[in-house]
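Here is what TrEMBL records for this protein:
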type     : residues : note
DOMAIN   : 15-75    : domain 'SIAH-type'
REGION   : 127-152  : region 'Disordered'
COMPBIAS : 127-148  : compositional bias 'Low complexity'
REPEAT   : 169-208  : repeat 'WD'
REPEAT   : 209-241  : repeat 'WD'
REPEAT   : 255-294  : repeat 'WD'
REPEAT   : 295-338  : repeat 'WD'
REPEAT   : 379-409  : repeat 'WD'
Amino acid sequence: MYLHPNLALGGLISELLVYCTNKKYGCPQIVRQDALHGHVLYCSYAPSVCPNKALGCPYKGTMRDSKEHLLNCVYERFKGYIDSTNKRFEKLESLFADQSREIEKLQRIIRSGKGVLERTTSEQSVASLAGSAAGDGSVNGESSSSGGTKRTTVVSTFPHDEITCHRTIASHPCGVTSVAINQDRVFAGAHDGSTKVFDINSGKLLKDLKGHTMSVWGLAVMPSGDRYFSAGSDGTIKVWDWRNEDDAACLVKSIPDHNAKVYGLVVDQGRLYSASSDKTVKVWDTETLECLATFQGHTGGVNCLAALTEASANQLVTGSSDKTIKLWDVTTGTCLKTVRRGTSEVLDVAVGDGMLFGSTYDAVIHVYDINETRELGTLSGHNWEVWQLEYGQGHLFSASFDHTIKRWDPRRFQCDLTLKGHKSFVHGMALDENYLVTGCADRTIKVLLPQMTVLRVY
């Protein structure tokens with residue numbers, strides 16, 4: 001007897017008009033009680049947090065405002081960099097965990113009296129180990145002793161912490177215009193058109209080759225280290241097999257295909273890319289030396305280029321005097337994106353950790369998200385124009401006409417180290433896992449190393 005009245009009451013309640021539960025966040029909607037649940041599910045005023053909350057973004061707002069927030073979210077801009085940094089931290093944490101286990105093991109051995117920890121490595125052996133370090137900057141060696149097997153590890157802190165000049169090479173009669181590193185060799189080009197090869201540890205001159213008639217601005221070395229390419233103001237690209245004992249036979253080929261100065265060379269995945277002031281970029285097969293393609297699109301001379309090193313990227317970045325940076329698909333030769341830099345020509349570019357860096361003639365370094373080519377910020381601190389950029393392991397290095405090299409932390413957009421020592425313009429710079437090498441108009445090459453190397457003996 002109570003069923004029908006209850007149903008009627010329930011029907012009346014369901015038809016009542018109520019405010020959205022998100023009214024306090026600004027929702028003006030008034031809906032029926034029975035439709036409230038469905039409305040709330042899709043209400044644009046529903047409370048929301050940033051998708052990057054896990055990365056640290058503190059934003060709290062509504063669904064309708066979150067899209068606009070995401071366009072300006074600092075954490076969204078640096079997502080790629082933060083992810084890559086987190087991966088490096090995970091590797092470090094794994095390494096620290098392994099070291100902690102080794103320390104505990106050694107402590108147990110010492111307490112039990114079953115082994116003796118010897119620290120007998122001399123300063124000379126430390127230097128030899130540091131000199132032969134490669135790969136990730138560590139060298140492991142084993143030797144027999146009365147207490148068992150002793151393992152010595154040298155861990156480089158490069159490119160972090162303090163950096164000092166390990167060696168100055170002064171073998172040029174004129175200014176050094178370009179440098180490259182391959183394994184334990186330094187390759188250098190100069191204003192007199194020569195290219196030289198040095199041992200990075202001893203500074204010994206291994207080869208002195210002459211072929212260009214003017215300054216050498218570009219150098220690129222094959223991964224094997226046996227062949228390198230040089231280019232410069234005479235508009236030619238020279239191919240050298242420098243290990244040939246006969247200097248006259250070292251020059252494999254001279255390629256005059258560009259119609260003006262060649263300022264940059266890059267070797268990547270079996271291809272050589274050359275940037276020229278004739279407004280083009282050419283692609284060459286490193287084995288056959290055949291020209292495979294010519295990229296056209298810049299309206300000014302192409303001053304620099306850099307390859308995206310990921311195996312699947314197949315992309316190239318170029319900077320030009322037409323005040324633009326272009327991103328190219330090297331498979332099709334098409335320009336994917338163009339960044340316009342306003343009033344200053346682009347002098348050099350570098351890429352890494354999802355970021356694109358471009359230095360301009362006004363002494364400023366611009367930082368972009370490489371996927372969206374959106375500017376993230378600028379790095380300012382040099383007094384004169386920045387001609388060289390190198391990026392590696394979370395740090396950007398810049399070399400300038402103000403005689404200095406600066407190291408930048410892109411996370412904070414700050415310079416955390418300034419290297420002084422050259423007495424003139426720094427024209428060339430190269431970076432690998434263990435060394436930073438600079439070439440200067442003061443006729444010297446400097447090999448820079450971390451100030452401290454951590455030695456573990458156990």
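Glycine residues also receive a Cβ, built from the backbone N, Cα and C atoms like all the rest.
Where the annotation comes from TrEMBL, it is an automatic prediction and has not been curated.
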Intrachain residues whose Cβ lies under 8 Å of the repeat 'WD' (295-338), provided they are six or more past its termini: 260-261, 263-264, 266, 268-269, 271, 273, 275-283, 344-351, 356, 358, 360, 368, 370, 373
Helix, strand and coil totals (DSSP H, G, I; E, B; other) for the repeat 'WD' (379-409): 0 helix, 21 strand, 10 coil
Intrachain residues whose Cβ lies under 8 Å of the repeat 'WD' (255-294), provided they are six or more past its termini: 217-223, 227, 229-239, 300-307, 309, 311, 314, 316, 318, 320-321, 328, 330, 333
Secondary structure composition of the repeat 'WD' (255-294) [DSSP: H/G/I, E/B, coil]: 0 helix, 24 strand, 16 coil
Three-state composition of the repeat 'WD' (209-241), taking helix and strand from DSSP: 0 helix, 19 strand, 14 coil
